Ligand SMILES: Nc1ncnc2c1ncn2[C@@H]1O[C@H](COP(=O)(O)OP(=O)(O)O)[C@@H](O)[C@H]1O
Ligand SMILES: [Mg+2]
């Protein structure tokens with residue numbers, strides 16, 4: 001069976017900085033994969049190349065065998081890749097519900113419809129998605145009023161709107177209270193367990209990572225330095241060096257992530 | 001050979017004047033991020049002040065140069081007053097507010113100048129000691145031009161020294177690159193901004209003062225220079241003084257030679273060059289990304305569909321409007337057509353700016369194209385009124401498709417500048433293309449068909465077309481298309497991440513707004529019976545911006561209130577002397593005291609009434 005995602009030799013240099021350096025990995029159907037590493041390791045840059053926001057310096061990204069490099073983000077989304085952002089990106093002048101409706105409108109290819117009332121479209125589907133992330137009560141609130149953690153949950157609902165085969169979540173729990181983190185990632189794990197969507201996520205909270213990730217990749221200074229299950233990663237000497245040696249740094253990053 | 005040298009030197013002399021005013025504009029933009037329309041007014045004031053000083057002092061060579069410098073210093077002082085009383089309050093406001101506020105200053109300065117110096121053009125004296133011509137390769141070159149050619153680079157060098165050798169200059173450069181950083185350094189921002197504004201205005205004043213031996217001092221100096229000065233700043237890169245110099249030389253020298261081949265080109269050439277540069281280098285020759293935006297806006301509240309009561313009120317108002325010709329005078333009926341035209345124009349501009357997030361400084365272009373296309377269909381092709389009315393919006397749509405394709409590649413101030421360039425190009429074409437458009441004389445005698453020729457019938461035709469257009473835009477604002485457009489405005493990255501082709505969508509939004517502006521132009525031309533290049537002018541584009549701002553940018557109903565207020569205020573004040581002064585005062589009051597405009601005021605009033613009722 002071909003993997004859902006196949007990344008080969010992915011690299012990106014910004015001027016002199018080698019932000020991502022020869023990264024290769026695969027993602028199997030239904031897998032919940034964590035990509036960890038200290039700040040500046042290149043995780044966000046990796047994500048940006050996976051879904052078309054950045055052209056890589058070299059390398060290949062295949063989704064179900066199809067090459068994605070050179071495809072703009074909006075096409076990659078149509079091919080079934082959802083994305084949540086490290087710094088949330090939502091439509092602030094709309095309500096929570098309308099944000100989800102927008103994703104559904106686009107999914108159903110109705111963005112050029114000039115006469116329907118956007119607020120009345122795909123209401124049930126949108127509500128169901130909000131239910132999934134426990135945001136139903138907030139459906140009619142303006143997005144600009146939401147707490148940061150709620151915005152993150154909203155982003156998840158938006159990202160699930162087109163029933164993606166692959167979900168890329170960049171620090172989905174940053175800015176959330178610890179109990180919220182556990183709840184959100186538990187929820188995501190449930191969605192993964194249904195087997196339709198595979199997820200790659202980055203995360204600084206190791207409890208979350210070890211609790212849910214099927215497999216972990218460790219990135220440091222743009223290079224993959226380790227790969228394995230939670231137990232393997234915990235005992236890996238290289239990882240210990242990066243994390244224990246730089247442990248202070250890591251704790252600090254969590255604070256300002 | 002000598003002839004070409006003379007052309008080159010004329011070009012370089014023009015470049016110096018242009019550089020002086022553009023460098024000031026660029027410094028002000030770089031530090032404060034304000035697109036300062038009043039910069040042309042400072043230039044004009046510099047010329048008037050220098051004229052008065054030179055003619056009263058009569059002091060030979062030292063008297064002349066003292067007067068020029070004194071005029072620059074005085075204008076710097078005026079700049080300080082304007083900065084402290086007005087601009088300081090709106091540094092964090094969106095571009096639209098800043099632009100309109102500075103335009104309010106333009107109006108006030110115009111009438112103040114009129115009151116002090118009168119309406120007559122003033123012919124300044126020659127510069128003593130530099131009043132002859134020298135012969136270079138057989139061609140006479142004015143000595144004063146040679147002096148100007150030296151002054152430009154000298155001022156550039158002086159600014160460079162100030163910016164690289166003084167603490168203040170280094171802070172100015174730092175602020176141009178990264179404003180937050182300067183805040184973090186604990187620098188007194190207010191002081192830094194004021195000083196930059198004073199320097200910028202003094203440079204404009206200097207440019208104007210040096211101009212008096214070369215051209216008559218007139219009340220048209222302000223707006224005649226401002227377009228070109230913007231172009232130079234944008235080509236050079238906003239905030240870059242060196243860029244302004246290079247761009248001024250580029251434009252002026254190109255112009256000096258281009259008019260030899262194609263004399264009509266001088267009006268549009270700067271704008272064509274600017275459009276070309278922006279397409280290749282979206283931030284200008286020396287500009288950097290990230291310096292394009294004014295203040296950030298407060299997030300807008302979600303749109304709401306009308307509730308039943310509001311719908312009833314609205315229908316009642318439309319019914320009243322429909323019955324009004326039966327009760328009011330013919331004069332009022334005509335005024336009401338003006339109101340409807342202005343409203344459709346403002347609503348279409350609001351659709352582009354408020355809904356689409358694309359600030360346009362040149363929306364009148366599409367109004368004008370619609371009007372001209374209809375007028376030419378009647379006059380040149382001999383079409384009837386209705387087919388001509390259909391052609392207008394189609395022509396406007398094509399123009400908006402063409403120019404919009406370029407514009408949506410940019411954002412923020414650069415997009416706004418490109419829309420202005422597009423409008424100036426179209427204005428230049430209508431102005432110069434005498435044979436087809438009638439040039440300055442416009443196109444006359446474009447009257448409705450026989451059946452629609454009474455004021456009353458035409459009123460109903462205008463009612464159907466304008467209200468139809470407004471209804472359409474409102475409907476679209478609530479549709480998936482309009483929501484998507486707002487989505488792209490709110491967060492391009494999110495829109496892209498849910499599969500939206502953001503540029504294409506903005507392009508289509510731009511085109512729709514242009515089409516409806518064209519419809520307004522069509523209704524306009526048959527109600528007036530004529531059209532002049534004015535319809536496409538910057539002034540008319542700014543009228544649109546003022547209406548949107550008066551009404552309130554954050555409400556769909558805003559432009560409706562704004563247009564009504566604008567036409568009524570204009571109808572009232574334009575009968576008074578010094579109406580510009582009053583009008584400028586009204587604009588400034590709205591910007592400073594009621595930034596959410598009339599719509600915000602009405603909303604607060606309704607809330608108040610409801611609370612009392614409850
Ligand atoms: N647009 C950019 N231009 C230049 N350098 C960048 C850019 N984006 C990221 N970088 C650099 O690339 C490296 C990786 O950054 P990033 O992918 O954001 O790391 P992470 O998400 O793991 O914290 C960092 O050194 C960062 O400074
Ligand atoms: Mg990151």
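Placed from the backbone N, Cα and C atoms, the Cβ positions cover glycine too.
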Pick from B:457-473, B:474-490: which stretch is listed in TrEMBL under transmembrane segment?
B:457-473
Proximity verdict for the transmembrane segment (B:581-602) and the transmembrane segment (B:99-119), three or more C-beta pairs under 8 Å:
yes
Stretch in B:99-119, B:146-163, B:311-328, B:388-406, B:507-526 most in contact with the transmembrane segment (B:413-433), if contact is a CB pair under 8 A:
B:388-406
Could you tell me what the rest of the chain brings near the transmembrane segment (B:229-251), counting residues at least six beyond its ends with Cβ under 8 Å?
11-12, 15-16, 18-19, 21-23, 25-27, 29-31, 35, 39-40, 43, 152-153, 156, 159-160, 163, 176, 269-271, 273-274, 277-278, 283-288, 291-292, 413-414, 417, 420-421
Cβ contacts under 8 Å made by the transmembrane segment (B:311-328) with residues that lie 6+ beyond its boundaries:
336, 455-456, 459-460, 463, 467
Using a Cβ-Cβ cut-off of under 8 Å, list the residues of the same chain that are 6+ residues beyond the ends of the transmembrane segment (B:42-58) and lie near it.
21, 24, 64, 66-68, 70-72, 74-75, 78-79, 109, 113, 116-117, 122, 124-125, 201, 204-212, 217, 219, 221-222, 225, 229
I need to check the long-range neighbours of the transmembrane segment (B:64-87): which residues 6 or more away from its ends have a CB within less than 8 Å of a CB in the stretch?
32, 34, 38, 42, 45-47, 49-50, 53-54, 57, 98, 101-102, 105, 127-129, 193-194, 197-206, 208-210, 588, 592
